[in-house]
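Here's what Swiss-Prot has on this protein:
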- 1-57: topological domain 'Cytoplasmic' (TOPO_DOM)
- 15-40: region 'Disordered' (REGION)
- 15-24: compositional bias 'Basic and acidic residues' (COMPBIAS)
- 58-78: transmembrane segment (TRANSMEM)
- 79-105: topological domain 'Extracellular' (TOPO_DOM)
- Asn100: N-linked glycosylation site (CARBOHYD)
- 106-126: transmembrane segment (TRANSMEM)
- 127-132: topological domain 'Cytoplasmic' (TOPO_DOM)
- 133-153: transmembrane segment (TRANSMEM)
- 154-157: topological domain 'Extracellular' (TOPO_DOM)
- 158-178: transmembrane segment (TRANSMEM)
- 179-192: topological domain 'Cytoplasmic' (TOPO_DOM)
- 193-213: transmembrane segment (TRANSMEM)
- 214-222: topological domain 'Extracellular' (TOPO_DOM)
- 223-243: transmembrane segment (TRANSMEM)
- 244-325: topological domain 'Cytoplasmic' (TOPO_DOM)
- 326-346: transmembrane segment (TRANSMEM)
- 350-370: transmembrane segment (TRANSMEM)
- 371-376: topological domain 'Cytoplasmic' (TOPO_DOM)
- 377-397: transmembrane segment (TRANSMEM)
- 398-420: topological domain 'Extracellular' (TOPO_DOM)
- 421-441: transmembrane segment (TRANSMEM)
- 442-455: topological domain 'Cytoplasmic' (TOPO_DOM)
- 456-476: transmembrane segment (TRANSMEM)
- 477-485: topological domain 'Extracellular' (TOPO_DOM)
- 486-506: transmembrane segment (TRANSMEM)
- 507-590: topological domain 'Cytoplasmic' (TOPO_DOM)
Amino acid sequence: MSATHIENRDDSFLENKGIDHIGRPENNNGSQEPPSPSGFGGHLIDENLVRVEGEDKVTWYLCFLISASAIAGFLFGYDTGVVGVALPLVGTDLGGSALNSSQQEIITAGTTIGAIFGSAILGGWGDRLGRKGAILVSDVFFTIGAVIIASSYSVPQIIVGRIILGIGVGGAAVIAPLFITETAPTAVRGRCIGVNAFFIPFGQVVSDAIGAGVQNMHNGWRLLFALGAVPSLLQLLLFHYLPESPRILILKGDTEGARTVFQRIYPTATSEMIEYKFRVAHEYIAATTALQSGTTFWERVKKVLKTGSYRRSIIAVSALQAAGQLTGFNTLLYYAGTLFGLLGLSNPALGGLIPAGTNAVFVLIGMSLVDKVGRRGLLLIGVPIMLLGHVWNIVSFYYMCKPTGGFLDTSYSYDTTDVGIVIGGIVFFVVGYGLTYSHLVWYQAEYLTLEVRSMGSGIATTVCWIANLVVSVSYLSELETMTPSGTYGFYFGISVIGFVFLVFCLPETKQLSIDETSLLFEDDWGVKRSAQMRKERRETRKRLQDAELGEAATAHLEARQQKSTSVSPAELSKFMAGLKGGKRTPSASV
């Protein structure tokens with residue numbers, strides 16, 4: 001981001017407040033303007049922001065804000081996972097005949113098709129609607145879609161309902177993590193985004209658990225889909241009590257509202273610290289205004305794709321999303337009932353809990369480690385585990401399906417030991433996926449500057465859903481033509497390519513503020529720049545801590561000296577009496 005994108009900042013309010021000025025170079029016209037954010041006095045890190053973010057605390061208000069936002073993640077998970085357990089229960093309720101494999105694929109893909117449009121539209125309009133407004137619009141689509149699906153008596157009706165539902169899924173997938181990214185304090189931002197990411201597999205687990213319980217219930221599939229409207233209505237109610245993202249409030253001119261939100265997020269920070277945080281956010285928002293003013297949406301897209309830093313950041317997060325989808329993980333969710341039925345399990349819906357439950361557990365582990373190990377750190381640990389799981393699936397499916405010519409045959413009873421080994425491979429694969437892609441893809445907003453954050457998130461999430469669509473509509477056909485072993489071999493090859501790209505092109509964002517992460521792609525893909533910025537931030541924080549300890553030690557020493565040199569009248573009288581008696585009282589010595 002160039003300096004010309006940023007407004008002048010009046011730092012006079014910082015005098016004698018313990019917060020340093022940022023020097024302003026003169027521009028060609030001789031007037032002063034603030035430096036590029038990458039030039040804080042010759043450093044990559046703004047020491048004043050480090051001081052402000054030292055006030056990060058997890059408060060009840062923050063917990064409420066994150067939990068209410070993460071309901072969108074639960075809806076995302078529930079509505080994508082429910083189809084895998086609901087479709088086997090439909091029977092002949094839609095048109096008088098059982099669903100064939102093509103109809104199942106289209107119904108399953110309906111949500112994905114809607115999500116492509118939802119992520120593109122709500123992502124592109126995220127700045128104008130606001131983060132809060134976009135989530136509320138998504139909730140409306142969730143509710144309408146659930147009602148249409150639950151009341152369906154024909155295949156076309158349920159497809160329409162799934163598409164409408166998908167618009168809500170796509171919008172929530174873009175905006176919810178974006179909203180959390182912009183409101184969470186730096187020190188806990190990873191875990192806060194992780195809450196939303198955890199709610200996705202948690203929603204899938206809930207859908208599988210309810211599905212297992214309604215297996216023998218008449219119209220149980222209708223209940224499964226109808227229950228999807230409950231969380232969306234709850235979020236509509238809770239969001240009435242939540243604020244807009246402070247950066248959107250500044251963008252819309254509500255500066256006092258933005259200051260209030262910052263104060264609630266950083267309750268122990270001084271007013272001067274809050275003011276400094278506000279001023280820095282205001283500078284970045286000026287770049288958004290400069291990009292959007294006087295241009296159409298497509299002109300902004302063209303400008304964004306022509307600018308190297310914007311283009312690289314969007315490519316990186318889009319590749320991250322695509323890599324996560326092209327592992328083939330979601331096929332285990334969408335077709336869990338069908339797949340585990342083919343493997344001979346008596347309750348396929350209960351079998352679907354195996355991948356969903358494993359995923360939820362390891363997403364929880366991953367989100368608890370993400371602020372310590374880092375985003376790249378988890379990728380470097382978890383993706384190799386996932387790749388080994390792919391190899392396990394390739395080999396185990398090959399040997400299990402040998403008696404049936406390499407293909408899965410519903411009429412054949414496979415050896416229970418072989419089935420157990422296959423399930424073990426699936427679980428091992430999901431362990432690696434849960435630690436990595438299952439939640440790390442939703443950290444995408446961290447890598448995008450504010451002026452392209454909504455648009456870039458929309459593009460990346462649209463890529464996610466396109467890749468999801470390709471995988472979901474082709475999976476059953478691949479099993480029938482490429483064999484299960486060949487199908488997972490194909491996913492293995494794509495996963496290796498995606499992993500190699502991310503190793504070289506996805507920088508680390510832990511320890512960096514949301515304003516600092518937007519600087520990573522200025523010159524290249526930012527991997528080395530990230531390491532340099534995080535090193536400088538650690539050194540800055542240590543210097544501030546040492547300074548605070550030094551100040552505390554000095555104050556303590558001065559207090560002791562003051563105490564030792566202060567003599568009360570009683571002590572003085574006792575001391576003088578001792579002198580008259582020819583001895584010096586130690587307790588009164590000075």
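From the backbone N, Cα and C atoms, a Cβ is placed for every residue, glycine too.
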Counts by DSSP class (helix H/G/I, strand E/B, coil) across the topological domain 'Cytoplasmic' (371-376): 5 helix, 0 strand, 1 coil
Helix, strand and coil residues within the topological domain 'Extracellular' (477-485) as assigned by DSSP: 8 helix, 0 strand, 1 coil
Helix, strand and coil residues within the topological domain 'Extracellular' (398-420) as assigned by DSSP: 11 helix, 0 strand, 12 coil
Long-range neighbours of the transmembrane segment (377-397), counting only residues six or more past its ends (CB under 8 A): 327, 366, 369-370, 418, 421-422, 424-426, 428-437, 440, 483-485, 488-489, 491-492, 495-496, 499, 502-503, 506, 508, 510
Most Cβ pairs under 8 Å with the transmembrane segment (58-78), selected from 106-126, 193-213, 421-441, 456-476: 193-213
When counting Cβ pairs under 8 Å to the transmembrane segment (456-476), the leader among 106-126, 223-243, 421-441, 486-506: 106-126
Folded-back contacts onto the transmembrane segment (106-126), same chain, C-beta under 8 angstroms, at least six residues removed: 79-80, 83, 87, 99, 134, 137-138, 141, 145, 155, 158-171, 173-175, 178, 297, 334-335, 454-455, 457-459, 461-462, 464-466, 468-469, 472-473
Any contact, the transmembrane segment (421-441) to the transmembrane segment (193-213), with at least 3 Cβ pairs under 8 A: yes
DSSP state at Asn100 (N-linked glycosylation site), helix/strand/coil: coil
Beyond the flanks of the transmembrane segment (486-506) by 6 or more, those residues with Cβ under 8 Å of it: 312, 315-316, 319-320, 322-323, 326-328, 375-376, 379-380, 383, 386-387, 390-391, 393-394, 397, 406, 447, 475, 478-479, 525, 527
Non-local residues, at least 6 beyond the ends, that sit with Cβ under 8 Å of the topological domain 'Cytoplasmic' (127-132): 175, 178-179, 182, 239, 242-245, 248, 251-252, 288, 292, 454
For the topological domain 'Cytoplasmic' (179-192), the mean pLDDT of the predicted model: 83
Structural state census, the topological domain 'Cytoplasmic' (179-192) (DSSP three-state): 12 helix, 0 strand, 2 coil
